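Q: Below is a structure I'd like to ask you about.
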Amino acid sequence: MSDQKVVNTNKVGDCQNFLKYTVQNGPGKIVGLVSAYVLSYLLNLLLKPLSQPRIVSDIIVGIFIGNIPWIYDSFDEKFITTLNFVAEFGIICYMFVLGMEMDPYTIFKPPTQDAMIAYAGMVSTFILACGITSFLAYSNRPDIGFTLSLSLTLSGSSSHILTRIITNLKVGKSDIGKLVIAAGVHADMISMLLLSIGFIIVPPGLTVSDLSVRITKSLTMGAALLFQTVFAASVSPIFMNWVNNENPEGKPMKGSHLVLTIAFMVMICSSSPIYGYSPILSAFMAGAFLPSEGRVSKWAVGKINYLLTVVFYPIFFFWMGYHSSFSKFRAGSLGTWGRLIVLILITLVGKVIGTVISGVMLGFHWRESAELGCLLTAKGHFHVFLAVVASIYDIISTSTCISIILTILLTVVHTPSVVLQIIKRARKRAPTHRRALQLLDASNELRIQLCVHGQHNVPSTINLVEISRGTPDPGILVYVTDMIELTDEIAATLVQSSEGMNTVTVTDKEVTKMRDQITKRFQNYVDENSEGITLRRMLALSTFNNMAQDVCVLAEDLMVSLLILPFHKKQLPDGTLDGGHPGFRYVNRKVLRSAPCSVGILVDRGFGSTENISTMKRSFMIAVIFIGGKDDREALAYAGQVARHPGVKLTVIRFLVEENSEAASRRGPLRANIAEREQEMKLDDECFAHFYGRYVAAGYVSYMEKHLVNSAETYSTLKSLEGQYKLIIVGRGGRVNSILTVGMNDWQQCPELGPVGDVLSGSNFSLTTSVLIIQQHSLRGELDGVDDEFSIM
């Protein structure tokens with residue numbers, strides 16, 4: 001445990017005058033600081049393809065710049081003192097945010113799997129470190145306090161770094177990703193709590209001969225910290241809730257309330273340091289017991305994280321680089337390299353042993369357990385700070401400080417490669433298709449993302465939810481997503497970072513009014529038909545160039561099985577469709593190419609005009625056309641979700657090739673791949689046989705066959721369905737050179753609907769029949785991350 005000083009009253013002023021002082025006192029400092037910002041940014045861009053977190057580039061740049069003689073020699077005593085204050089103040093902010101992102105009350109609950117893994121890795125590493133480090137002279141003044149502090153530091157993890165790596169590599173939704181993040185938070189929280197308590201028991205800077213002073217000081221600090229913790233846990237929720245209630249969502253926060261909130265947080269953080277307690281650990285304890293939910297807390301976390309990332313980290317690692325002069329590393333000594341290797345081995349072997357043992361007890365695969373241990377070795381900014389401060393106060397040598405920093409760097413560098421190995425194995429285990437209705441487990445709820453352009457899409461979307469709802473158990477989870485073009489006018493009304501650095505609040509009156517009305521209409525429907533339906537509201541606000549990507553990212557994050565898009569054309573009062581919106585058409589076509597799940601396009605021709613479908617007693621007429629191919633099989637799978645609705649009368653129409661026809665005998669040249677076609681036909685028959693046995697034979701669905709010769713007969717048969725059904729469901733394509741659709745592409749008006757969908761939605765078809773065109777999305781071996789079914793068990 002390193003020495004700490006009480007917060008200097010001029011510290012904030014020093015931070016404000018830091019850059020001004022730098023400009024006035026020497027070009028070396030200016031070049032060093034500017035280089036720290038620029039090189040850190042550039043190196044971070046270069047390392048991004050390797051999935052390295054920013055701390056890697058920051059450490060490398062900090063060490064490089066700090067060891068340039070011209071820059072190093074330009075530092076004077078006043079500048080170094082100011083730089084020390086800036087580093088300490090930044091770490092205080094970092095620790096405050098770290099505490100706010102943790103829930104200390106979890107330690108009083110029965111241990112979960114992630115907690116057991118965290119504890120096992122910490123205990124094994126701690127025992128290993130205590131048994132080895134005390135014999136290798138890491139400290140200039142070795143004592144039990146230093147050994148315990150170093151061992152505890154090696155036992156911890158950096159939850160912030162782990163979370164960023166796991167999230168960037170898109171493994172956060174898998175069970176191993178959730179396990180790593182949760183275990184990292186537990187290890188980080190426990191190590192920080194133990195350090196906070198240890199600071200009271202063994203105050204740095206006091207010798208054994210000062211026993212009475214030590215006891216008095218410990219009791220004083222303990223009482224102050226206890227008062228701070230109790231006050232933060234009991235009073236701050238009342239204050240924070242009052243501020244949240246006075247500043248509802250969607251409105252700018254009042255300046256007076258922001259000032260009061262900041263003053264309140266500073267007061268809590270600074271109460272125990274008055275009595276000699278560490279301001280850094282005090283900030284962590286205050287943040288841990290402040291409410292983490294609510295607008296004010298999210299605002300504080302977002303603002304502080306933004307300032308840390310943009311402003312503080314380059315200065316921090318610039319400071320670290322100065323205090324890590326390689327001229328003092330003693331590279332020629334075998335003892336230096338031995339101590340470095342021992343630190344790395346203790347961190348790695350200790351964690352792996354603990355996680356493997358706990359994994360065996362929990363029934364995990366040993367390989368995944370070992371990988372958990374490798375990931376939990378990651379250290380972060382606070383660990384770097386402790387090493388440098390220990391060097392400044394001459395607790396450890398500069399050589400040992402550099403060894404610890406290199407150990408921290410190596411514990412982070414390898415983590416992306418471990419995650420990529422997990423992803424590589426997950427790809428082999430993952431199903432062929434990413435997320436599709438055919439693969440949906442009947443015991444899992446159906447997740448649908450329904451996109452709307454405006455209020456005119458609401459009636460048809462509500463009816464689509466109604467026919468798709470299925471049984472109350474497991475039910476359906478609906479994400480209603482507003483697709484809104486980001487114009488200059490709307491962009492001017494956005495409130496950036498009110499809920500965090502990556503979020504915005506839309507304050508445009510027309511947009512908020514439209515969203516409120518859509519929400520109200522959907523909520524009224526859910527309130528009347530609440531059994532089995534869960535509603536969530538989402539927003540895709542971006543330019544048309546980026547909207548498709550935003551919609552697909554939402555679909556992936558929400559793990560939906562079906563994404564429904566409105567057709568870009570709207571129905572006019574006379575029943576015909578207008579010319580359509582080219583922007584939304586562009587979005588639809590891009591989504592069809594890159595969506596991580598099945599996609600449906602709804603052509604609305606009065607589908608929303610029907611009310612109370614649930615009371616119609618099988619009089620709402622719906623047809624499913626099945627010709628063959630993966631998209632038609634997906635459409636049939638969706639029909640199974642609709643089949644048992646009490647108000648729907650569903651008919652499946654299967655188009656079959658007349659085998660005795662002359663055209664059928666000449667279709668051989670159309671078969672580009674005979675084996676592929678036969679495999680597709682086999683899958684079609686298996687899929688249809690399963691559907692027939694489950695729904696048609698049970699009396700839920702009507703069935704008819706149409707034996708056709710060529711695409712001309714297909715067209716005429718489709719035309720004969722005009723006006724018979726309120727909704728027709730069909731696959732977009734995916735057919736292997738079907739003789740029944742060949743040539744229909746030549747006159748398509750909207751190729752994104754497929755040949756059959758284009759005919760059914762054309763101007764020559766019914767003005768009262770809506771069409772739902774479904775495409776099953778499949779990616780073979782192209783997973784970006786690990787799907788939610790990947791298990792370590």
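Each residue, glycine too, has its Cβ placed from N, Cα and C.
Please treat TrEMBL annotations as automatic predictions, because they have not gone through curation.
The annotation domain 'Cation/H+ exchanger transmembrane' is assigned in TrEMBL to 38-416. Summarising the annotation, TrEMBL assigns domain 'Cation/H(+) antiporter central' to 477-615. Residues annotated as domain 'Cation/H(+) antiporter C-terminal' in TrEMBL: 620-777. For 30-47, 54-72, 78-97, 117-138, 144-167, 179-201, 221-240, 304-322, 342-364, 376-396, the entry in TrEMBL reads transmembrane segment.
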Q: Can you give the mean pLDDT for the domain 'Cation/H(+) antiporter C-terminal' (620-777), rounded to a whole number?
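A: For the domain 'Cation/H(+) antiporter C-terminal' (620-777), the model's average pLDDT rounds to 83.
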Q: Which stretch from 30-47, 78-97, 144-167, 342-364 shares the most C-beta pairs under 8 Å with the transmembrane segment (117-138)?
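A: Answer is 342-364, with the largest number of Cβ pairs below 8 Å.
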Q: So if I exclude everything within five residues of the ends of the transmembrane segment (144-167), which remaining residues of that chain have a CB under 8 angstroms from its CBs? That is, six or more out.
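A: The answer is 1-2, 51, 53-55, 98, 101-102, 118, 121-123, 125-126, 129-130, 133-134, 138, 177, 180-181, 183-185, 187-192, 194-195, 198, 202, 204, 343, 346-347, 350, 375-383, 386, 395, 412, 415-416, 419.
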Q: What residues in the same chain, six or more past the boundaries of the transmembrane segment (342-364), come closer than 8 Å to it by Cβ-Cβ distance?
A: 113, 116-117, 119-129, 132-133, 136, 154-155, 370, 372-374, 376-377, 379, 403-404, 407, 410-411, 792-793
Q: Report, as numbers and ranges, which residues of the same chain sit near the transmembrane segment (376-396): CB under 8 Å and 6 or more residues beyond its ends.
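A: For the transmembrane segment (376-396), the nonlocal Cβ contacts are 2-4, 55, 59, 84, 87, 91, 94-95, 98, 117-118, 121, 138-141, 146, 149, 153, 156-158, 160-162, 165, 180, 183-184, 187, 192, 204, 280, 313, 316-317, 319-320, 323-324, 347-348, 351, 355, 404-405, 407-408, 411-412, 415.
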Q: Give the nonlocal contacts of the transmembrane segment (30-47) in its own chain as ranges (CB under 8 Å, at least six residues past its ends).
A: 19, 22-23, 54, 56-58, 60-62, 64-66, 68, 71, 74, 313-315, 317-318
Q: For the transmembrane segment (54-72), give me same-chain residues lying six or more residues beyond its boundaries with a C-beta closer than 8 angstroms to one of its C-beta atoms, as numbers and ranges.
A: 28-29, 31-32, 35-36, 39-40, 43-44, 46-47, 161, 164, 309, 313-314, 316-327, 380-381, 384, 405, 408-409, 412-413
Q: Just to be sure I understand, if DSSP states are collapsed into helix, strand and coil, how many residues of the domain 'Cation/H(+) antiporter central' (477-615) fall in each?
A: 58 helix, 38 strand, 43 coil
